[in-house]
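What follows is a short report on a single structure.
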Amino acid sequence: MSGTILENLSGRKLSILVASLLLCQVLCFLLGGLYAPLPAGHVTVLGSLCREDHGRQNDTGFLLYSRGAGACIPVTREEVEQDSTKMANELVHVFQMPLPRDLRDLDYSRWQQNLIGVLQVEFGYDSSSELREPPRELQLTIDMRLAYRNKGDPDNGWKLYAHGVEHRYLDCVTSHVGPTETLYSCDMIPLFELGALHHSFYLLNLRFPLDTPSQMNLQFGHMHDLTLTAIHQNGGFTQIWLLLKTMLFPFVVGIMIWFWRRVHLLQRSPALLEYMLIYLGAALTFLNLPLEYLSLVYEMPYMLLLSDIRQGIFYAMLLTFWLVFAGEHMLIQDAPNKSTIRSRYWKHLSAVVVGCISLFVFDICERGVQLRNPFYSIWTTPLGAKVAMTFIVLAGVSAAIYFLFLCYMIWKVFRNIGDKRTSLPSMSQARRLHYEGLIYRFKFLMLATLVCAALTVAGFVMGQMAEGQWDWNDNVAIQPTSAFLTGVYGMWNIYIFALLILYAPSHKQWPTMHHSDETTQSNENIVASAASEEIEFNHLPSDSNPSEISSLTSFTRKVAFD
């Protein structure tokens, strides 16, 4: 067997390759750090109060807006306080997005991809009321109507996007105690999530119906300020992200074709590690495919779910590959048969499969339902919030356990390699130099794998926490920087690109020599290599199994000769 390119590539060429890949890695970090804005931005909108006619309350096509021709006449807080019924069942809280700036109307761009809304509620009781601390988990019923219009539409050309009557549960604390009323401020609650930001303007109407027979919203005194936080992906970050995907996609496809072609030129079936590399490259190619360009033309509310599925497939394949990659370099073959996933790694991978399926089910339960009802959220009920939080915590703990187990496997690889180095002094000088060079290369590659795994786990945990921070606590501020995101994404591509090159079969043909001539020829190679500026780690003739991908994995079966 000719071995892999990692074994046969000269020191100078390998150094040039590694330096080039490290330079690309630095450029990926700089691309996000210098040119991309923060991944997400948000705007805070204070609700406007409008009063509607009783006859239009059940008309879902009737929408009130606060800016433009035909806007509603705003109701002041003083007018509400002076009304004997506090305008019950007549008030509509209006939120029009985005807000104008410098007397100029702004609009959303399709580059911003998605929109998430969370609401902070403030309500009050008369100070004469005996209630001083509201009970926890107050159930609030909200009639929500979300509408949109585009550039060129008239000011009153709002079209209904979604309508629903939803329940939210509030945890509140006392914020102000006055002579006439006591105010309570509540934690943020998830309101809606749009997987596609296809239209220019959005309008949200909120009603809080009161009904005595069904005890609907009677535990609240009267609503005060409502604050909507609208979170969107920054368009500048999306452009940098798609630029990175567009540049990386053809390189990965090209190197996969090159790798698989070299494998099929061999007179053997592909090894397990070669299959795993091509599967990993396919998962990365699916992730790199810049499908987001389609959302600039078509409305694709399922893009968030599709992105989660693509990233989940890549994570599953990457985690699987690392376990197999470390296992194949253990240098311990329990059986002479060819390694398969089912025979050697099913115990290791069962946890990965269960974890990925659990996260997929969790994602489908939320974002799958949101395709039909953007107001749905698993965080809206106390039980759902606990289940969601449990999933996130378990995902983080599982990621940490996986990383520790991978560290243990790589440590075993290092220990096994160290144990086998004790046989090097009994070998000929040529073979000893050959294997010492291979050992250094494989150790460096294993350390690079460990760094890649650590950054991947850190990025996964930060992503889960950043996604849920608006749902569990408004005081948490976790947002991965653009440099970190583009750097980690580039690292995945560079790492897999390097593996496909280094583990491709080498087609160098070395002349066959008799055993009696090998020592003389090896010594001549050593002298020539020492005098050369470029040292070649030549593959020495051996009786290695042709099904093995690397000569290092057959190290234990090599017989030293002089």
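Each residue, glycine too, has its Cβ placed from N, Cα and C.
Per Swiss-Prot, the topological domain holding GLY152 carries a different name from the one holding ARG344, which places them across the membrane from each other.
In Swiss-Prot, the feature N-linked glycosylation site is attached to one residue out of ASN8, ASN58, namely ASN58. Count of Cβ pairs under 8 Å against the transmembrane segment (391-411): among 14-34, 271-291, 312-332, 442-462, 483-503, the largest is for 442-462.
DSSP assigns ASN58 (N-linked glycosylation site) to coil, not to a helix or a strand. In the topological domain 'Lumenal' (366-390), helix, strand and coil residues by DSSP number 17 helix, 0 strand, 8 coil. Summarised by DSSP class, the composition of the topological domain 'Cytoplasmic' (1-13) is 7 helix, 1 strand, 5 coil. Taking every listed stretch (240-260, 271-291, 345-365) in turn, the largest tally of C-beta pairs under 8 A with the transmembrane segment (483-503) is reached by 240-260.
When each of 14-34, 312-332, 345-365 is scored by its Cβ pairs under 8 Å to the transmembrane segment (271-291), the top-ranked stretch turns out to be 312-332.
With a 10 A radius on its CB, ASN58 (N-linked glycosylation site) counts 8 other CB atoms from all the protein chains. Residues 137, 144, 146, 161-162, 164, 166-169, 189-195, 301-302, 304-305, 308, 468, 471-472 of the same chain, all 6+ positions outside the topological domain 'Lumenal' (366-390), place their C-beta atoms under 8 angstroms from a C-beta of that stretch.
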